[in-house]
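The structure appears right after this line, and notes come after that.
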């Protein structure tokens with residue numbers, strides 16, 4: 001491998017084989033804009049079509065030094081059309097992206113990062129001298145002398161056939177490498193290192209926009225200056241520290257000649273959510289650091305902003321994970337071996353080195369979630385118990401309906417959380433989590449972002465043996481003691497108003513009298529259970545312990561006690577509805593159906609709208625002789641559940657909101673319509689469906705399009721297994737995280753019914769397949 005061998009942080013942009021291509025041509029533009037956080041103009045520029053050979057361009061983008069090149073490879077790659085395309089691509093990104101940042105996992109990069117990955121390696125591969133010789137082909141034949149070798153990936157520098165005498169000294173370390181030992185002029189003959197191609201290649205490498213600001217970079221610049229001095233030549237050049245990694249705090253401007261811009265590594269503050277690695281007196285290198293702290297090679301290189309992982313100031317890296325060395329491979333195959341999804345694998349390894357179908361060999365990767373099940377020795381100690389909590393906690397965020405009242409500790413759910421991750425962090429089991437949050441289903445598919453989840457119940461306090469109680473005395477209780485049933489706010493047990501009266505009682509048989517009305521706007525369990533009802537501050541006590549009358553105090557999910565609003569209303573955006581879920585949402589006019597079932601889910605079948613099953617909406621009252629749900633429609637349109645594009649047909653009475661992964665064809669299959677029909681109702685999508693936008697509502701039904709008085713057999717919204725009952729009236733398409741239990745709960749059916757209608761799942765539900773359609777209701 002060359003001195004300049006480097007890794008590409010780009011796991012998602014590997015083009016397919018064809019004459020011309022754009023990097024993301026197989027992906028929906030709106031979805032990409034959402035994922036990467038770019039404007040449509042910037043994303044279009046990043047996805048510029050290149051007039052280049054895809055096979056060789058793919059190779060060069062994965063790192064010019066990661067492949068052996070032949071004459072025919074180089075001539076196929078290096079064409080005038082491709083060179084022009086590359087320049088046009090970079091100009092388009094610079095013109096349309098401005099100061100936008102492109103998000104890759106936890107890392108934000110300059111959008112120029114994408115074209116630069118191709119252009120930087122392309123320029124090295126296609127470099128020619130004044131005689132039109134291909135310099136990279138020449139470089140593959142260059143041989144150094146047997147003096148001493150500098151290897152960027154190893155601290156073992158004494159492995160040549162004829163090592164210097166210093167290597168026989170047992171006290172010698174890599175820190176003792178002298179300038180002469182590492183000088184390029186001592187590694188190659190002057191006829192080689194003064195050749196035009198050698199100097200041009202060295203100069204070209206220094207132009208890399210990914211070149212890290214490190215001691216190694218300084219070494220390369222110093223050697224180039226030395227080469228020019230020995231060869232009596234002058235080649236002006238520019239170099240800069242990496243400016244494409246926006247989250248690393250690196251901001252550099254180009255400098256001329258041998259000046260090197262300097263930037264500091266990521267600043268480590270008290271907000272570090274992982275672990276802090278201090279500066280070591282002896283440089284350790286990537287592999288020893290990775291093994292010592294159980295973090296990936298990619299995370300270390302990103303945190304240090306240095307290929308060799310040299311630490312010049314304390315750095316913050318992710319929490320430890322289980323580490324494994326890989327020797328190439330493909331992301332999806334490794335994910336399968338680890339029995340996880342590709343998305344989860346990339347979440348564990350956001351800075352993986354190489355592209356996902358050609359990973360860099362020799363790197364350390366995470367084979368488990370950082371901070372998850374791995375407990376490192378002497379570095380970080382994972383919690384082993386939930387602790388003790390003697391007071392009812394006040395959640396900082398709304399809670400789902402069904403949370404236990406005596407919760408001692410809440411956790412606010414953030415993006416990327418799973419039930420297992422939360423359980424691991426707090427040293428509890430998933431069974432504990434379900435017991436304290438009974439609404440959680442077995443597949444944990446209803447864990448809500450931005451909501452508080454209980455992670456510890458209140459600890460049962462000990463009964464006092466000396467008449468003292470409360471927080472000053474290890475939270476002992478008076479209940480059951482011989483000193484009285486009330487613990488006063490001063491920490492003593494008794495039975496009179498001085499102990500049990502409102503304002504005096506901390507816990508126990510406190511008197512709930514009118515005198516318990518708040519006098520200062522504070523309320524609830526954190527303030528002696530004072531009430532807001534009848535107070536001067538409003539009749540609702542919020543979950544945060546303050547009185548008021550607005551939705552911030554009385555609204556669903558916000559109200560602890562008092563005149564809580566039980567009917568917030570509004571259209572469901574998740575398919576969940578009614579009083580069992582926050583917001584008491586309605587189903588009418590949504591894409592999920594017009595009936596809210598007594599189980600809290602939207603739909604249109606008798607399971608949702610039938611007598612005894614329907615809570616709200618277009619419920620069947622039983623007065624009609626027909627049990628049909630699909631009746632003749634009126635000519636009035638419904639309100640779209642989300643923003644719409646222009647030109648949607650005025651008679652639309654059914655909408656669908658596009659989610660990530662949707663396409664025109666998937667929507668057509670789900671609603672049993674043709675593309676011609678879908679296009680006619682939604683002309684803004686374009687004749688080639690290139691303008692289907694994420695989060696927008698599209699028409700999937702119009703007035704008069706469903707006029708039959710009997711319910712027709714629906715078309716499954718996806719592939720099906722064999723043996724599904726022919727009398728099925730409603731299907732459900734499985735998504736990641738589903739289980740038989742979660743589907744049964746969602747559609748209020750038993751496993752016996754689900755198994756009878758879908759026998760291919762097996763008696764133990766071991767054959768429930770992802771993205772398959774299953775029957776969840778019959779006629």
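Cβ from N, Cα, C; glycine included.
Caution: TrEMBL annotation is automatic and unverified by curators.
Database features, via TrEMBL:
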type: SIGNAL; residues: 1-19; note: signal peptide
type: DOMAIN; residues: 321-367; note: domain 'LysM'
type: DOMAIN; residues: 409-455; note: domain 'LysM'
type: DOMAIN; residues: 466-512; note: domain 'Chitin-binding type-1'
type: DISULFID; residues: 486-500; note: disulfide bond
type: DOMAIN; residues: 520-566; note: domain 'Chitin-binding type-1'
type: DISULFID; residues: 540-554; note: disulfide bond
type: DOMAIN; residues: 574-621; note: domain 'Chitin-binding type-1'
type: DISULFID; residues: 595-609; note: disulfide bond
type: DOMAIN; residues: 654-700; note: domain 'LysM'
type: DOMAIN; residues: 730-776; note: domain 'LysM'
* To do: Could you tell me which three-state DSSP class residue 554 (disulfide bond) falls into?
  => helix
* Is the count of Cβ pairs under 8 Å between the domain 'LysM' (730-776) and the domain 'LysM' (409-455), pairs 6 or more apart in sequence, 3 or more? -> yes
* Asked: Same-chain residues six or more away whose CB lies under 8 A from the CB of residue 554 (disulfide bond)?
  -> 538, 539, 540, 548, 562, 563, 564, 565
* Asked: 10 Å Cβ neighbour count around residue 540 (disulfide bond)?
  -> 27
* Structure fact -> Quick tally over 409-455, 466-512, 520-566, 574-621 of CB pairs under 8 Å to the domain 'LysM' (654-700) gives the top stretch as 574-621
* Inside 10 Å of the Cβ of residue 609 (disulfide bond), count up the other Cβ atoms and send me the figure. => 22
* Structure fact -> One should report the C-alpha separation between residue 500 (disulfide bond) and residue 595 (disulfide bond), rounded to whole angstrom, as 49
* Asked: If one looks at the chain holding residue 486 (disulfide bond), which residues at least 6 apart in sequence have a CB under 8 angstroms from its CB?
  -> 478, 493, 494, 495, 499, 500, 505, 507, 508, 509, 510
* To do: For residue 595 (disulfide bond), write down the residues of its own chain that are at least 6 apart in sequence and whose Cβ falls under 8 Å from its Cβ; none is a fine answer.
  => 587, 602, 603, 604, 608, 609, 614, 616, 617, 618, 619
* To do: Find the average pLDDT over the domain 'Chitin-binding type-1' (574-621) in the predicted model and report it.
  => 74
* Asked: What is the three-state DSSP composition of the domain 'Chitin-binding type-1' (574-621), stated as helix, strand and coil residue counts?
  -> 4 helix, 12 strand, 32 coil
* Go ahead and report the DSSP secondary structure tallies for the domain 'Chitin-binding type-1' (520-566): helix first, then strand, then coil. => 7 helix, 14 strand, 26 coil
* When DSSP states are grouped into helix, strand and coil, how many residues of the domain 'LysM' (730-776) land in each? -> 18 helix, 8 strand, 21 coil
* Where does residue 500 (disulfide bond) sit in the DSSP three-state scheme? -> helix
* For residue 500 (disulfide bond), just count the other CB atoms lying within 10 A of its CB, please. => 21
